[in-house]
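Lifted from TrEMBL, the feature list:
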BINDING   Gly217, Gly218, Pro219, Gly220, Thr221, Gly222, Lys223, Thr224  ATP binding site
DOMAIN    196-591  domain 'UvrD-like helicase ATP-binding'
Amino acid sequence: MDGPLNQQQTTDALERELATEQAHVDRVYERLAAAARSARQVASEGQALYRTDRNNFFRDEDGTGMLERDVFAFQAAKRLATLDAEHEGLVFGRLDRTDGEVRYIGRLGVRDEDYEPLVIDWRARAAEPFYRATPAEPMEVVRRRVLRSRGEKVIGIEDDLLDTDSDTDLVVLGEGALMAALSRARGPQMRDIVATIQAEQDEAIRAPYQGVTMITGGPGTGKTVVALHRAAYLLYSNRRRFESGGVLVVGPSQVFMNYIERVLPSLGEDAVTLRSIGGVAVDALGITATRNDPPAAHAIKGSLRMVPVLRRLVNNPPTNAGEPRLRVSVKGEILTLDPPQLDRIRAQVLRQRRYNQGAGEARGALLEALWRRWDGLDRGTDAADLEREAFEDLVISSAAYRDFLAAWWPAQTPAGLLRRLGEPATAAALARDDLTPDEVATLSDSYADPAAGWSVDDIALLDELAAVLGPAPAPASDEDDDDGSLVFAEGNGRTEEVVTVADRLARRPVDDPFAEPHDTFAHVVVDEAQDITPMQWRMLRRRGGSASWTVVGDPAQSSWPDPAETQRAIDDLVGRGQSRRFRMSTNYRSPAEVFEFAADVVRRSFPDADVPAAVRRTGYPPRLETAPAAGLDERVAELVAELGGQVEGTIGVIAPPSRVRQLASRLAGALPEEIGRRLAIVSPLEAKGLEYDGVVVVAPDEIVAESPGGARVLYVALTRPTQRLITVDVAGTCEWRPDAARREPSPASPH
């Protein structure tokens, strides 16, 4: 174009461009609706492909027909689910290339009646210039345009002119898509960034899947959303591998998982399993935990020192095993196995088998040892004629033998075993030199109240126990008889399911603790990896022994007291395999005024913290308040009400764990309903990965004191706001503040 536009010309040009883009978007939605109608028809036809009224018998050809029908219907239903998904901003980008070609970029690919692309899926190679092109390297792109939409209506345009030397009359409008996106109010769930992915983020998203991909960077750099977009990209580019093998995304809490749950469906992907770290082992344990242990118990339960303690818990005879020797009477002869013999038998069996698979071998070893004793005795004539089989029948029928075996090798469950650590004497005996007496007391006390339920840290311990115990022996059934058939019908009264030999083989218990049924995912994404304890890393590894990994984290935000121990656990995961690392260097979330202040706080304790650069300023520096201890809750309520009038989106109150429940109760009736709907009251650990427009951090010194991560956890709290930050100290406490801030009075509230 020939020169800058005046205001009226800009308004007229914007209206024309909006109308042009709206016409294309309307056409896309029309084609999407037509494709959905076609998919519904295909699904309906698939259901009619095979039907049977035979209830009592099933032929091989019937199984083939049902398999074809189910595959047909499944694929149609999957396509329909994709087409029917929420598609806010389905078309979000446009590329005008130097050769005159126009490419529209969107959440999924859509073609016209002639199979020409109306929209290119953002993950396709043809869409890469939308994210990678820069004025220095325009990649044959003249103009990059981001379309902002509400529903199906285009409401805004943001352009970047990338090739200023190009001979073109293209209109360039807007102030830049990234800054426009960063200024939007936050809602209760994370938005995807598919329209504003930056070049360094795109490089990490499209990295090869093999091995371990590490994504690091400070707060607000978009690590989480990059990892989620990477999961969507891997499913697109390696559909067969990852859709069949499964993709697992692990986050720090259920609050966090609720926050991110809409990102992947908005990108057209639903073949992903989302689990909080407290729910990772639901496949093996059937339980999920949300309660966090106090810092001292957390530090013990997360440490690798628990591994030998748990192994002893499984492998040592129960403390209530009764008399430490086996005594049985056979034909009037007393046969005895003393403790050293029993210990040798137990150790020999457990070297070959996990506990639950070793019960049969243990019974056989006891009978063998008793037979050797019997065989060496100088017996009478009647006893001398006793055959081995008859001898074993006599022993097995003995009440003394049965009672001993039930006490010495009882059926065990992970939950039942872990509860035994609530017995101080048992915990002390098992801890040996791995835990100090104080740690043993802390560990035992944490299980004193069974009504409290399991904690998040307990889940990793239960999973470790499940791995050491092995699968419980499956009860014998007629179904396990091999009749040579390849396909079987299962159901009651009518055919409901086709089961193949492969299905039956998959049900067999295995001895490798890192194999099926735990090893079920082809790719595992771990967010907030700096907070994953070493024991939790062992649990995660069982879900991806042969998987590729995306690991996301920032050591400066770690709540684990020994970051080096966590790093060793990550190094064990990476091993000698292929790995790559990407550092996100720009903080897109935090205002520079807030982030520079937070960076000063964390650098006091951790001078080497990886601190990114913030890209925008709001004109609102952090506001440092104090309040008397007796009036702290009331002052927090006043500040939240004030923030409610200053920001449009969410408000977070981040408080020490000891204060969260009381604050929630006090604020519940003290705020207008409109503000209450936007308010979340959380601990610093619950705030991990989240963001709010306005944040009130309560009692920062107590946050430091109550977390083993200390100032690193406070750093997390201070970096959650996208617009405004207020801190409230209890009067007389402000040790956490940088020196300059400690001397300054609280600034007046900016309005």
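Each Cβ is built from the backbone N, Cα and C atoms, and glycine gets one as well.
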Just going by other Cβ atoms within 10 Å, which of the binding-site residues Gly217, Pro219, Gly220, Gly222 has the emptiest spot? Gly222
Going by DSSP, is Gly217 (ATP binding site) part of a helix, a strand, or coil? strand
Taking the centre of the Cβ atoms of Gly217, Gly218, Pro219, Gly220, Thr221, Gly222, Lys223, Thr224 as the ATP site, the remaining residues of that chain with Cβ inside 8 Å are Asp554, Met584, Asn587, Tyr588, Arg589, Pro612
Restricted to the domain 'UvrD-like helicase ATP-binding' (196-591), the mean pLDDT of the model is 83
Counting only residues 6+ away in sequence within the same chain, which have a CB under 8 Å from the CB of Lys223 (ATP binding site)? Ile215, Thr216, Gly217, Asp527, Val552, Gly553, Asp554, Met584
For Thr221 (ATP binding site), the same-chain residues 6+ apart in sequence with C-beta under 8 angstroms from its C-beta are Met584, Ser585, Thr586, Asn587, Tyr588, Pro612
Candidates Gly218, Thr224: member of the binding-site residues with the richest Cβ shell (10 Å): Gly218
Reduced DSSP state (H/G/I helix, E/B strand, rest coil) at Lys223 (ATP binding site) is helix
